[in-house]
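K.L.:
Have a look at this one.
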Amino acid sequence: MKGTYLGEFEEVVLLAVAIRSGDAYGAAIVNEIEQQMDRSVSLGAVHSALNRLQEKGLVDSQMGGMTAERGGRRKRLYTVTAYGRRALEEIRQLRNQMWDAIPHTAWS
Amino acid sequence: MNHPPRPVGDAAGLPERPRPPRWATRLLHWLCPPHRAEELEGDLSELFQQRVQAVGLSQARWRYVRDVLSLLRPSLLKRDKYPRPTTTTMIRNYFKIAWRNLAKNKAFSVINIGGLSVGMTVAMLIGLWMYDELTFNTYYQHYGRIAKVMQSATVNGDFGAGEYMPLPLAKTLQTDFADDFERVVLSSWTREHILAYGDKKFTKTGNYVSPEAPDLLSLTMTKGTRAGLTDPASVLLAASVATALFGDADPLGKVVKIDNKLNVKVMGVYEDFPHNTEFREMRFMAPWDLYVSSEPWIRENAGWDNNSWQILAQIAPQADFTSVSAKIKDLRLKNVPETAHVKPAVFLHPMSRWHLYDQWDKSGVAGGRIQYVWLFGLIGVFVLLLACINFMNLSTARSEKRAKEVGIRKAVGSNRAQLISQFFSESLLVVGVAFTLSLLLVWLALPLFNDIADKKLVMPWQEPVFWLSGLGFSLVTGLIAGSYPALYLSSFQPITVLKGTSSGFRVGRFATLPRQVLVVIQFTVSVTLITGTVIVFQQIQHAKNRPVGYDRSGLITVAMNTPELFGHYNALRSELIGTGAVVDMATSSSPTTQLGSRQIGFDWVGKDPAMKEQLGVMAVTHDFGKTVGWQFVAGRDFSRTFSTDSSGLILNETAVKYMGLNDPVGKVVKWNGKPFQVVGVIRDMVMDSPFAPVYQTAFLLNYNWAGVINIKLNPRLSASESLASVEAVFRTFNPGSPFDYKFLDQQYALKFAAEERISTLASIFAVLAIFISCLGLFGLASFTAEQRTKEIGVRKVLGASVLNLWSLLSKDFVFLVLIAFGIATPIAWYFLSGWLQKYEYRTELSWWIFAASGAGALAITLLTVSFQAIKAALMDPVKSLRSE
């Protein structure tokens, strides 16, 4: 399981890719994370995470359209693979399971 | 290369937009792998534009830079995902192919790299040795200005030079030539003396010198000062002696006793002279004045006619050796006019020439060790040449197999320059490996080499010259060895190479010719070296087998260097014999391995008045003959029964011939007017060099002129037992001194040391040369055998026998070796007869030595080649023909 282990930031990036589904590329993901989490992230961290996710087979990518904002350069558009989706679901399930296991007395 | 793209806005003529810092964009563009550049730059630029709107320009620029820096991480800079052929990847490919080639042909690689590194090792060792020889004495700061004052004479047309000088000369040089000399130093010879402090006693070598000597020799003082010798009762000690005598205690001011009679105070300690210096044995320095006052004979011989001391001089900064030599040339002639007939000349012998030019031939040309420096230099160059030839031979032979590779590379798109650089990088790789290996070998072999060559060489790891020459040489070898495949193979037309049959592309006959020439050169060198080694060895053996005229076995000598040993001759002798460990004992003026004194002033009836006679003189006692076992050809030994023997004389055979005496026994010979009667003639004893004729020598009785005690040990007891009893006797007679003795046969063996050292080194180099040549031959033979596999298969099928095939494969090489032998013989003959000329007692250059070394080389060749030839001949033809 070590190979598919998802770090916290990777998970965030993977979720951002899923949110921006269809238009998920580096800058958009940076924006998404900054908006959602209200914290500043560096482009390098995002790209390196995307790179790792792709190596693990959790996302897929292809070159896409260009805009004037980008100086006429194309984007690399990421999509979550089926495997990536399952990984996200597993994490969620695991979290829920653990939430459910917390005894009610814990918060009192 | 691409240029950093400009924002499209400019090109589209849209309003000017704010720009991110340009250097950051460039940096990213320069470092970023091309397959990522587009998306990353796009993202950066998009974010920048957003941020300019959201947070302002400066903040946006700042975050842009941070993002760029955050992108420069290894995982994003990795390029191998979409490899692009660049120069470096191609070079990496060359090294990979080179490595695979080496790994595929293991035997070849081992031969190639091993041979080359052995050759480099030999060359490096010889280089280090030569460097050490050439930098001899450079330790002394005034190296360039120091000279020995020497004098030469020409007797009967033969030039001779000596460094024994008269005492007054030093004073004359100091006063009359004060402008030319900065320092003039008188010195005794480096001899063994006993140094004692409390109950610690050691025999150490040292000199008595003028007080200026420490400055002349630029001593490095660890304690005290160089000015320590001005007081006559003082001494300067080398650090090693100081440690031996005083341990860790402070030596300054302590009183040491020299030879049990002179009390001197330690005024300073100097760093020992290194091994490659003239005065390395000078482990203490005592003042000259002390020497003069303690040895009364010096005052009696302080005239111009006695040559007994050495004079060292440091010339003034503006003077030069030649002009000063010219000025002082006639000093001896002026002061001793009666020596005019020998044309005496005083001259300066510069320090830079002491070690390498210490001998003069009869016409006065200086030489000496320099010829060995040249000889070994030559051998080193040759061994290295052999290794290089091997290397080139094998790599060119192998490279023919790679014609196909060249064809494919060309077809795929390599241009010629790339192929050239490929083959060069390949041979450089091999040379690099060989060089590294040879460094290791030198490092391992150095202790052994030092032992054989009597040197103290160390690896010059820190010398840039060493590295430069080593790497420079590797580069040259690599380039030369790689030049054939690089320049020739790369010129092939791919179509011709690739069209060829599977038996390989034939490069043509002319390619083998240079290889054959190289083999001939290799074997010429090898055969010359074999012959040389055999003859050097034979010459040494010849001199060793020479009858010495007395019996060295069980003979020891003890130096008489303390006053206690004098005046007790009979008591000492009877005590020694009484122990049963000693057969006999006698004193003599010098040991039998060294003729100490040559004298003039002899006269006899029938002497040619024009003859300038000179005889060796040795003082002995009555028991000397029995002790050393000399042999008489006429007359008798000295005997106590004849009181007239006190003026008796014994001559050796050469002296009788030299003096022209018939029936010499009973004749009277006068020495400085005093008559001596010849009582006997002995067989010649070899006292000086065993390579030189025996010198005419006279032996006379004198109990006071004694330098050593000769003791014949009892052969029935073991040497250690006998020595223990002898030591006990010496303890009672000479309690103040350590008992130091020398075995005479060991002393005699030392006379061969120089020759044996050369013989050992030469034979090692010869063996290595042969080894390297054979490696090359082995490689070539296996290559030819492999190339002709099919031919051999066909021949076998048609009925060729193993013998047939063997001779087919061997005869080419035998032919080459025969040519080499033909070239080597005259070369070896020329050099060796020249070398033998310098020995007066020498062996013959007989033809069989040449024949034997030729036969030896041939036998080695056949052995080497046959292994491959027979292996090929025994191969199953089905196997060799099947693979089509």
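Heads up, the Cβ atoms here are built off N, Cα and C, so glycines get one too.
Caution: TrEMBL annotation is automatic and unverified by curators.
Note that this is a predicted model, so its numbers are computed, not measured.
So TrEMBL lists these for the protein:
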type: DOMAIN; residues: B:109-330; note: domain 'MacB-like periplasmic core'
type: TRANSMEM; residues: B:110-131; note: transmembrane segment
type: TRANSMEM; residues: B:372-394; note: transmembrane segment
type: DOMAIN; residues: B:378-494; note: domain 'ABC3 transporter permease C-terminal'
type: TRANSMEM; residues: B:428-446; note: transmembrane segment
type: TRANSMEM; residues: B:466-489; note: transmembrane segment
type: TRANSMEM; residues: B:517-537; note: transmembrane segment
type: DOMAIN; residues: B:524-720; note: domain 'MacB-like periplasmic core'
type: TRANSMEM; residues: B:761-785; note: transmembrane segment
type: DOMAIN; residues: B:764-873; note: domain 'ABC3 transporter permease C-terminal'
type: TRANSMEM; residues: B:813-833; note: transmembrane segment
type: TRANSMEM; residues: B:845-865; note: transmembrane segment
K.L.:
Could you name the stretch, out of B:110-131, B:466-489, B:517-537, B:761-785, B:845-865, with the greatest number of CB pairs under 8 A to the transmembrane segment (B:372-394)?
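P.N.:
Looking only at B:110-131, B:466-489, B:517-537, B:761-785, B:845-865, the most contacts with the transmembrane segment (B:372-394) come from B:110-131.
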K.L.:
Determine which residues of the chain contact the transmembrane segment (B:428-446) at the Cβ level, with the cut-off under 8 Å and only residues 6 or more beyond its ends counted.
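P.N.:
Long-range Cβ neighbours of the transmembrane segment (B:428-446): 95, 98-99, 102, 109, 112-114, 116-121, 124-125, 128, 391, 395, 457-459, 470-471, 474-475, 477-479, 481-482.
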K.L.:
Determine which residues of the chain contact the transmembrane segment (B:466-489) at the Cβ level, with the cut-off under 8 Å and only residues 6 or more beyond its ends counted.
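P.N.:
Result: 116, 120, 123-124, 127, 388, 391-392, 395-396, 399-400, 402-403, 406, 419-424, 426-428, 430-432, 434-435, 439, 460, 507, 511.
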K.L.:
Please give the average pLDDT for the domain 'MacB-like periplasmic core' (B:524-720) in this predicted model.
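P.N.:
The predicted confidence over the domain 'MacB-like periplasmic core' (B:524-720), as a mean pLDDT, is 88.
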K.L.:
What is the number of residues in the domain 'ABC3 transporter permease C-terminal' (B:378-494) that are helix, strand and coil, as DSSP sees it?
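P.N.:
Helix, strand and coil residues of the domain 'ABC3 transporter permease C-terminal' (B:378-494) number 102 helix, 0 strand, 15 coil.
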K.L.:
According to DSSP, how is the domain 'ABC3 transporter permease C-terminal' (B:764-873) divided among helix, strand and coil residues?
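P.N.:
The counts are 96 helix, 0 strand, 14 coil.
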